[in-house]
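See below for the structure under consideration.
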Amino acid sequence: MENGVAKPVIVAIDGPSGTGKSSTSKAVAAQLGLSYLDTGAQYRAITWWMVTNGIDTADPSAIAAAAAKPDILSGTEPTAPTITVDGVDVSGPIREQDVTSKVSAVSAVPEVRARITDLQRAIAASAVTGIVVEGRDIGTTVLPDADLKIFLTASPEARAARRSGELKGADLHTTREALIKRDAADSSRKTSPLAKADDAVEVDTTDLTLQQVIECVVTLVEEKRAGK
Ligand SMILES: Nc1ncnc2c1ncn2[C@@H]1O[C@H](COP(=O)(O)OP(=O)(O)OP(=O)(O)O)[C@@H](O)[C@H]1O
Ligand SMILES: Nc1ccn([C@H]2C[C@H](O)[C@@H](COP(=O)(O)O)O2)c(=O)n1
């Protein structure tokens, strides 16, 4: 607190796919009056642009050469987050299978990461009350000085069941294999891989309801704010 004004609180939430990062981050931000940033949506948006503009996503040098071209804008209101590329709403297309299958390759390119990381830091710096930022490398690379770092985990079976539910009963085995493959690619890339920061609090969500995870994270933020 400085001159009666609370310092913005920065919360980093990382973890593999389907551990509940987006659902938890949105709810925590809404409950605490903070902004919310889905960094996966930004990597999906730049991947969508590459695909739409005929860039070969298997060619890192072609991706690197185009990385500065798209204008990516994220709306950070937690109850209605938005994402546009060159003014086009891409919130639907970025969730399609074609983008999902190519996003790990595109997001592994250092020029892409540098561009998106700059955007993320600028958004976090301009959040008046604070922000919950979710992704894979937020606590380790993007915001290493975050006030609170959370690393969510869950068994592959629980994550696949959650995703299959979302995809209207998609085959559990295929969903599980796809999750594991994407996590392996995201964890093994050279530049800022998916990783738990040394000072992150790990929360295993396998046997927790979404509401329990939200309550746990809200409590951790409130404790941080109270200086505990
Ligand atoms: N603790 C939980 N128990 C049951 N279902 C959950 C839990 N947490 C999240 N879910 C559900 O699992 C699905 C995936 O959650 P969410 O999109 O928040 O995960 P994520 O970590 O952001 O995934 P990704 O990184 O792939 O975007 C959603 O349908 C969500 O409602
Ligand atoms: N900080 C981040 C966030 C996301 N990515 C990449 C890796 C993911 O597979 C992909 C999509 O993320 P999702 O929408 O599933 O959360 O984006 C990353 O490299 N770094």
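Positions of Cβ are set from backbone N, Cα and C atoms, glycine also.
The ATP binding site annotation in TrEMBL covers G15, P16, S17, G18, T19, G20, K21, S22, S23. Under a cutoff of 8 A between CB atoms, and with a sequence separation of 6+ in the same chain, the neighbours of G15 (ATP binding site) are K21, R136, I150, F151, L152, T153, L194.
Annotation source TrEMBL lists domain 'Cytidylate kinase' at 11-222. Confidence for the domain 'Cytidylate kinase' (11-222), expressed as mean pLDDT, is 96.
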Can you list the residues of the same chain, besides G15, P16, S17, G18, T19, G20, K21, S22, S23, whose Cβ falls within 8 Å of the ATP site's Cβ centroid?
T24, E134, L152, A154, R159, T205
Using Cβ-Cβ distances, find the residues under 8 Å from S17 (ATP binding site) that belong to the same chain and are at least 6 apart in sequence, listing them in sequence order.
R159, R163, L179, R182, D183
Among the binding-site residues T19, S23, whose Cβ has the fewest other Cβ atoms within 10 Å?
S23
If you count the other CB atoms within 10 A of the CB of K21 (ATP binding site), including all protein chains displayed, you should get 27
Using a 6 Å cut-off on Cβ distance, which of the binding-site residues G15, S17, T19, S23 come close to any atom of ligand 2?
S17
